[in-house]
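Peer 1: Sharing the record's features from TrEMBL:
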TRANSMEM  39-56  transmembrane segment
DOMAIN    67-128  domain 'Homeobox'
DNA_BIND  69-129  DNA-binding region
DOMAIN    128-334  domain 'TLC'
TRANSMEM  140-162  transmembrane segment
TRANSMEM  182-200  transmembrane segment
TRANSMEM  262-285  transmembrane segment
TRANSMEM  305-326  transmembrane segment
REGION    342-386  region 'Disordered'
COMPBIAS  347-357  compositional bias 'Acidic residues'
Amino acid sequence: MLSRLSEWFWNERLWFPGGLGWADLEDHDGITYSKPADLWVTLPIALAFLIIRQIFERTVAIRMAGALGVKEKIRVRAEHNPTLESFFRTTNKNPKQSEIESLGKKTGYSERQIHRWFRRRRNQERPNQMKKFKEARYRTIPCFCLGSYALHMVCVLQKPWFYEMKEMWTGFPMLELLPSQFWYYMIELGFYMSLLFSVASDVKRKDFKEQIVHHVATILLISFSWCVNYIRAGTLIMLVHDASDYLLESAKMFNYAGWRKACNYIFIVFAVVFMITRLVIFPFWILHCTWVYPVTIYPPFFGYYFFNGLLFVLQCLHIFWAVLILRMAVKFLPGNNIVEDERSDREETDSEDDEKELEGRKAPVKNGPVQNGHPPLNNNHHRKTE
């Protein structure tokens, strides 16, 4: 069964144009080609990234956070209540009005106290400022950025297919593999695999599902382009994506440190680079050269549709993130001091929600007895004071 499945999966008719196949990628006369078996190298590289991250975040990132003045906001913890804790964990973190009334009867708490308890309990689940800073700082490791840039210089900037993209298909699939391309591919794929492995412990944002789709599509795209020797197209695609990612992480790092001007300036550069690379160069140059030009040389085949399908998935994500970036850019208008990540949840404060509750009440609130900053536990008395 497995042998049949493997035979079907590696069928040459799926991955190559007619008349070409795996035999064309056999090494000869000192010329080396990419091999699917090479991808095993990425597993220890991904593991190395995970280990380096743990060491970096526990040492360098913490010291840098102190140097930049990252301050952690003190959160008021929700008092222990087994009934509310059980409901929070198993039922709903944002209870409805009917559920709040039911919980009030079980605990003896007023509606305001229950709102406050769930608000504080939700804040406890949110990642703290230090965790966000360490994650952003890790992704902007200077040596990683410099290494990527050096690899780009070797792999891309000296190649004719960087300036004339149609050249990426000249001689396909017999495209010679250079050592610099080998390591660039392995390191890039290992890095994205490490991000996918660590996604469960990373800061959860509103685009969590989109991030998962992006990581999976990227890993499939890099792996597939390696197996069928689309290495020239793959190198250009990775270059386009690497051009802006570290700028966003740098902006977030300064944002968490409270360096508002630095954050805003870097974000402006990031937004410009993102829009140019992801919404102009990627769809109108690279996608055009992988979708339109190849059919003038070879008839369409499954690998052609699979490869471009993954690219279209990435382009949809680019548009999604471009909308978020534009929403953040609005914060540069007069009266706004800092750019916040639209993907992150805002931390709730007691005063913020209390104001909303007061605005929503139909009748003015009369002064009533307050104990230790909280309304009385007696629900009947609470209703009389409203």
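Positions of Cβ are set from backbone N, Cα and C atoms, glycine also.
Small disclaimer: the values here were computed from a predicted structure and weren't measured.
How buried are the listed features, and what sits near them?
Peer 2: Each residue in the DNA-binding region (69-129) gets a DSSP state, and the totals come to 36 helix, 0 strand, 25 coil.
Model confidence over the domain 'TLC' (128-334) is summarised by a mean pLDDT of 83.
Nonlocal intrachain contacts for the transmembrane segment (182-200), taken as residues 6+ away from its ends with a CB within less than 8 angstroms of a stretch CB, comprise 34, 38-39, 41-50, 53, 144, 147-148, 151-152, 155, 208, 211-212, 215-216, 218-219, 222-223, 226, 231, 234-235, 238, 242.
With a cut-off of 8 Å between Cβ atoms, the residues of this chain six or more beyond the transmembrane segment (262-285) that come close are 165, 237, 240-241, 243-244, 247-248, 250-252, 254-255, 314-315, 318-319, 321-322, 325, 328-329, 332, 338-339.
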